[in-house]
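As recorded in Swiss-Prot:
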ACT_SITE  K150  active site, proton acceptor
ACT_SITE  H268  active site, proton acceptor
BINDING   N98, T148, K152, R269, H301, S353  substrate binding site
BINDING   K176, D178, E179  Mg(2+) binding site
MOD_RES   K176  N6-carboxylysine
SITE      K308  site 'Transition state stabilizer'
Amino acid sequence: DPEYAIKETDLLALFRCTPQPGVDPVEAAAALAGESSTATWTVVWTDLLTACDLYRAKAYRVDPVPSAADTYFCYIAYDIDLFEEGSLANLTASIIGNIFGFKAVKALRLEDMRMPYALLKTYQGPATGLVVERERLDKFGRPLLGATVKPKLGLSGKNYGRVVFEGLKGGLDFLKDDENINSQPFMRYRERFLYSMEGVNHAAAMTGEVKGHYLNTTGATMEDMYERADFAKELGSVIVMIDLVIGYTAIQSMAKWSRKTDMILHLHRAGNSTYSRQKTHGMNFRVICKWMRMSGVDHIHAGTVVGKLEGDPLMIKGFYNTLLDFKTDVNLPQGLFFAQDWASLRKCVPVASGGIHCGQMHQLINYLGDDVVLQFGGGTIGHPDGIQAGATANRVALEAMVIARNEGRDYISEGPQILRDAAKTCGPLQTALDLWKDITFNYASTDTADFVETPTANV
């Protein structure tokens, strides 16, 4: 319905649709709107018993995708009353439900959404938020530093705790569990939690800084997860962790627990690339960013640009803006098709991890700014002189680059020299620079923005 007048209370969704040969794209868009709201494959007499014109979603615009033959941007508006308040499970059952299996379309991807202000107000938002997290940690004016314990699996509890202690003592703010360490036979969660928190407390006492370790509470049931989170709280942890694969309802449940208990909630995006990486089918990661900010997580892995994982610079900037801005404007090069007022939901901290090292510090600060957690796993634990030396190299590199930036220097072009100068008085940094030099992962991104000169979504 190209004549449909969009309401402020409408939820707007943008789909990238590739219809089957012979299927009209306008008809495909209308079918998507119907199936994701009230319609089925035929006319039913019970339509006469409802306000179908109100509840049926409206496909209001269809545009060809630039440089992509037979692919279309389909804009669909949903009335706010179609969705249960504060329920991500209900929202997603409609928006990414049956329509992704439609035979009439070869491929379908959810690219972006605009959440109405009134609906956003029914979601909790981040349990702690960036501002309060910095106040609790007493750390300002720079990115936070972290590392993932390696190897991910197989360490004993005591050796695991030793890694945590050495990394934090060397200068990191956080250590973390990885996504697939839960409570396996080689190390049950209680053992890991106890030794990890011993390392946290020892390092905090020695350095005088607030330290933390992301204790992964992911489990088979909500009862297991609450039990693990409660144990982490009893041990004095300031932060717990969950994986995206636990599902939207479990994520919201843990976010509410974290708000009640004054805990920071870290989310590892394990599993997202199974549906977010390919350009033609699935959903864009920016939508996951929006949903996770709504659901209430405080941290989410959102890309590094220069690391080993998928990440186009413009797209990642769009992810970071989605997580951090109070109002997001339309920005097509960054893949942001809708303006979004975040209804005062707290900021969610992006996390950069995967194949980064101290020699890239100037690039990381340039691309990602201060409001980020930089996590150097292999870039800490792979240091030839040990874990503590790796942590020290990262901390010295970060502080040298922040000082140079604050002094007004061109830290981007001078970055390598700034690092070399800092390494003159820091042996661990010199060793790291000699080892990793300018290693980076330069591959063509599989998911880049479709730049359109004329904004297609200003409504």
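Glycine too: its Cβ is placed from the backbone N, Cα and C atoms.
For the recorded positions K150, K176, H268, R269, H301, the ranking by surrounding Cβ atoms (within 10 Å, all protein chains) places K176 first.
If you check the recorded positions D178, H268, R269, H301, S353 against K150 (active site, proton acceptor), the ones with a Cα inside 10 Å of its Cα are D178. According to DSSP, N98 (substrate binding site) is assigned to a helical segment.
For the binding site of substrate, formed by N98, T148, K152, R269, H301, S353 according to the record, the largest Cα to Cα distance is 37 Å, rounded to a whole number. Taking the Cα of K152 (substrate binding site) as the reference point, the closest of the recorded positions K176, D178, E179, H268 is D178.
Cβ neighbour count for S353 (substrate binding site) (all protein chains, 10 Å cutoff from its Cβ): 24.
Cβ crowding, taken as the number of other Cβ atoms within 10 Å, peaks at T148 among the binding-site residues N98, T148. In space, H268 is the closest of the recorded positions K176, D178, H268 to N98 (substrate binding site), judged by Cα positions.
Mapped onto three states, the DSSP output places D178 (Mg(2+) binding site) in coil. In the three-state DSSP classification, K152 (substrate binding site) falls within coil. Comparing CA positions across the recorded positions T148, H268, R269, H301, S353, the one lying closest to E179 (Mg(2+) binding site) turns out to be H268.
The Cα atom of H301 (substrate binding site) lies nearest to that of H268, taking the recorded positions K176, D178, H268 as the candidates.
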